[in-house]
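Now, the feature entries from TrEMBL:
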TRANSMEM  21-46  transmembrane segment
TRANSMEM  52-73  transmembrane segment
TRANSMEM  94-117  transmembrane segment
TRANSMEM  137-154  transmembrane segment
TRANSMEM  166-187  transmembrane segment
TRANSMEM  193-216  transmembrane segment
TRANSMEM  237-265  transmembrane segment
TRANSMEM  271-292  transmembrane segment
TRANSMEM  313-337  transmembrane segment
TRANSMEM  362-383  transmembrane segment
TRANSMEM  390-412  transmembrane segment
TRANSMEM  418-440  transmembrane segment
Amino acid sequence: MARGAGMAGSSSMARPFARYVSFNVLGMVGVSVYILADTFFIANGVGSDGLAALNFSIVLYTVLQATGLMLGIGAATEFQVCSARGDRTGANRVFTTALVMAGVAAAVLLAVVEAFATPLASLLGADEATLPLTVTYLRTIFAFAPLFLLNNVLLPFVRNDGSPQLAMVAMLVGSFGNIALDALFIFGFGWGMFGAAFATGFAPLMSMAVLLIHFLRKRNTFRPVRLHLRARLVGHIAALGFSSFVVELSGGLVLLVLNLVILAFEGTIGVAAYGVVANFAFVASALFVGIAQGIQPLASNAYARGSDRDVRAVLRLALLTALVIAATTYAAVALAAEPLALAFNRDNDPQLTALAVDGMRVYFLGYFFAGANIVAAAFFSAVEQPVCGLAISIVRGLPAILAFAAVLAALFGMAGVWATFPAAEAATFALTAVLLVRFVRGPRRRDREVVA
C-alpha cells in the first residue's frame, strides 16, 4: 500500500478489498485459534477450575491486546496517510514513536501485573480454588508484554507497507506454533496453567521471526530514526487507535461483567461454561476485527487521495462481508453447539454442557449487529474521524453491557445473561446506523490523486 498508492485511480475496490481483507481475516482467525487452543488444552488438562481461571485471566489479557491494537492501528493509519502523501520523514517518525510508546506501555503493564497479580485476580472473581491458577497465568503471560506489543506494532506496519500476505503468515505461524507448544507443555511436560501461558507468550516471538523477512528482503519503506518525542504525535496516534482499543477492551469488560453475574447465578461451573462460549466468541470477533484491520490501509489510502468513491466502496464491501460472515457463523454455531461444548468438558458435566449450549445459541445472535459495529468503528478511525469510531466503541462497551446485564438478568435469569451481548450490540447498532448514514450523505470532496 505504501509503495506508490497502488489502488490510485482504480475503478473497483473489489480486488484489493478481497486481497487485504482475506489475508487479515485468516490471520486474525489464526490469532484467536491459539486462545481457543489454550481453552481446549486447559479444559482437558486442568479441568473446569482451570477453564474458569482462564476466563478470569482473559479480562486482563484483553487490556494488553487492546493497548497493542491502539498503538499498531493508530500509528499504521498515520503512516499510511504520510506515505500516500509522499512524506517519508513523517512516516519514519510515526514508526519510531510507536515503538517508544509500545516499550513504555509494556513496562507499565508488566510492572503492575507482576506486583498486583493476586489482588487483581481476586477482583476479577477468582476464589480459593481458582486464585492460584489465575495468578500463575497472569504473571506468566504479562512477562511477555514487550513481545506482544512490539508484534502488534510491526504487524500493521508490514501490512500497510505492501505485504499483507506476509503479515497473515506471521500471525498464522505464531498461532499454530503456540498450539504445538500448548500440547507439549500441558500434556507432555505437565506444566498446567503455567505451560499454557508460557506457550502463548512465545507466539509473538514466532510471528516477529516471520516479519523479519520483510526487512531482510529490504522491502521496508520505514525504519526507526532518532527523534525527540512530540506530545502532539503521541496523542494523535493514541486518538486514531483509541476506538480499536475500546473495541478490544469492550470484550474484556463483557467478560468481567458477565463473569461476576454468572458467579452469582451458577457459581464456578457457570463461569466455566461461559469460558467455552466466550472463547468461541473470540474466534467470531476475530473475523470482524480481521475485516476492520484489512480495510484500514484501503480506507486510509483512498481518504488520503481524496477519492470519496473508493472510500464509500470500501465501506459497502466491508459491511456486506460482515453480514455474510455473521450469518454463516451463527448457523454453524447453532447447529454444532452441543459437540462444541462437549469438546471442552473433560468430566462430561451435564450442567456445563447445557449452560454452554444455551449460551452459544443466544449469545451469537449479537454478531449480526457486532460485525457492523466493529467494522464501522475501525472505518471511521481509518478516515481520520476517530470521534465517531470512539463513540461507537464506548457505547458498545461498558454502558450498554451494564444496563442490559442488570435488567435482563433480573428479569430472565441466565437466559437474560446470555441475551445481554445481543441486546447491547443491537442498541449500539442504532448509533452506528445514524453515523454511517450521516457519513454517506455528507459533503463529497472532488476525487484527486496523490502521488507517493
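Every residue gets a Cβ built from N, Cα and C, even glycine.
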Best-contacting stretch, by C-beta pairs under 8 Å, relative to the transmembrane segment (21-46) and drawn from 52-73, 193-216, 271-292: 271-292
Contact between the transmembrane segment (390-412) and the transmembrane segment (237-265) (3 or more Cβ pairs under 8 Å, separation 6+): yes
Leading stretch by Cβ pairs under 8 Å, where the reference is the transmembrane segment (237-265) and the options are 52-73, 94-117, 362-383, 418-440: 52-73
Of 94-117, 137-154, 313-337, 418-440, whichever stretch has the most CB pairs under 8 A to the transmembrane segment (52-73): 137-154
Most Cβ pairs under 8 Å with the transmembrane segment (271-292), selected from 94-117, 137-154, 193-216, 313-337: 313-337
Top partner of the transmembrane segment (362-383) among 94-117, 193-216, 313-337, 418-440 - counted as Cβ pairs under 8 Å: 418-440
Close approaches to the transmembrane segment (313-337) from elsewhere in its chain (Cβ under 8 angstroms; 6 or more beyond its ends): 12-14, 17, 21, 25, 280, 284, 287-288, 291-292, 295, 298-299, 302, 356-357, 360-361, 364-365, 367-368, 370-372, 374-376, 379, 436, 439-440
